[in-house]
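Trainee: Quick one: the structure is below, questions incoming.
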Amino acid sequence: MWMLPGQNQSWVSEFILLGFSSDPTTNSILFIVFLLIYLSSVLGNGLIILLICMDTHLHTPMYFFLCILSLLDMGYVTTTMPQMLVHLLAKSQTISFAGCWMQMYVFGALGITECTFFVVMAYDRYVAICHPLRYTVILKWDLCIWLAAGTWICGFLFSLLHTFFTMSLPYCGPNKVNHYFCEGPSVRSLACMDTYLIEMVDLVLSVFVVVTPISLIVASYVHIAKAILKIKSTQGRCKAFSTCASHLTVVTFFYGPSTYIYMRPNSSYSAERDKQISLFYNAFTALLNPVVYSLRNKDIKRAFLKVVGHGRVD
């Protein structure tokens, strides 16, 4: 469990993830609940990807972006949930230092990518409502691909900085992480040195990956709201708003918890509360996305009925 690099100082070589409970009965119940959530999230998002790929009518920028969002959610929840499910039933709840490093990096990369990707989706709605006649001219496929690629590059770059600074801290004392996965603030709380400087670095990164995207999304929706108010018919307003409602719902449920986790000072850290909040924006948001987009979207419903009724979509 410990490595001795010299000078009588011990360094953590693995972490113990405490999870939610130490009671076997409770863990068995949690296993069933979280397994259902995980399978529903993966199957729901996978179904959306399948429908969009199969139905040529859904080969538009909006559904291209929705397909990528579903892919992100599948990866996001798969980074943490399978390991948590294993730990709920296994006696050992350890994760190697390298494994913790990789989990933190991939989780952060996908999370930051999703943060910035919501801006791209907001821009898509802005163009669709404010410039409907120029929609296909502005959002050409080359631009869509570059926008999507840019969010992935941003996510993996910023996550590398966050993970590097966090995991470069000296961990020479306790190795029990009061969490169900290696999330930055939870692991950082075990460091045997003052983490104020790293917190400031994280805060600066958070401004770029949280505050800036939120500001751009708000700016987009201010223009969208103005455009909707100019529509004379009530039916037209409702239709325009309904195209944005799904995106706004998902953005709210994702940004709210994640902003709290990564932008509050380390002094207000609460392990139990953070576990619950992390579970919400990690697992439940991934589960919510396909529900929100499928229930409120007639095109997705129509594509699903075609697949069920005819076995394929023309």
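Every residue, even glycine, has its Cβ placed from backbone N, Cα and C.
Pulled the feature table from TrEMBL, pasting it below:
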| type | residues | note |
| --- | --- | --- |
| DOMAIN | 44-293 | domain 'G-protein coupled receptors family 1 profile' |
| TRANSMEM | 29-51 | transmembrane segment |
| TRANSMEM | 63-84 | transmembrane segment |
| TRANSMEM | 104-123 | transmembrane segment |
| TRANSMEM | 143-165 | transmembrane segment |
| TRANSMEM | 203-224 | transmembrane segment |
| TRANSMEM | 236-256 | transmembrane segment |
| TRANSMEM | 276-295 | transmembrane segment |
Trainee: Taking a Cβ cut-off under 8 Å, which residues six or more beyond the ends of the transmembrane segment (236-256) line up next to it in the same chain?
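Mentor: Counting only partners 6 or more residues beyond its ends, the transmembrane segment (236-256) has Cβ contacts under 8 Å with 69, 114-115, 118, 121-122, 125, 128-129, 210, 214, 217, 221, 224, 227-229, 280-281, 284-285, 288-289, 292-293, 296-297.
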Trainee: Which stretch, 29-51, 63-84, 276-295, tops the Cβ pairs under 8 Å count with the transmembrane segment (104-123)?
Mentor: 63-84
Trainee: Which residues of the chain, 6 or more past the ends of the transmembrane segment (29-51), have a CB below 8 A from one of its CBs?
Mentor: 20-21, 58, 66-67, 70-71, 73-74, 77-78, 81-82, 84-85, 88-89, 283-284, 286-287, 289-291, 293-294, 300, 303-304, 307, 313
Trainee: Mean pLDDT across the domain 'G-protein coupled receptors family 1 profile' (44-293), rounded to an integer, is what?
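Mentor: Per the prediction, mean pLDDT sits at 87 for the domain 'G-protein coupled receptors family 1 profile' (44-293).
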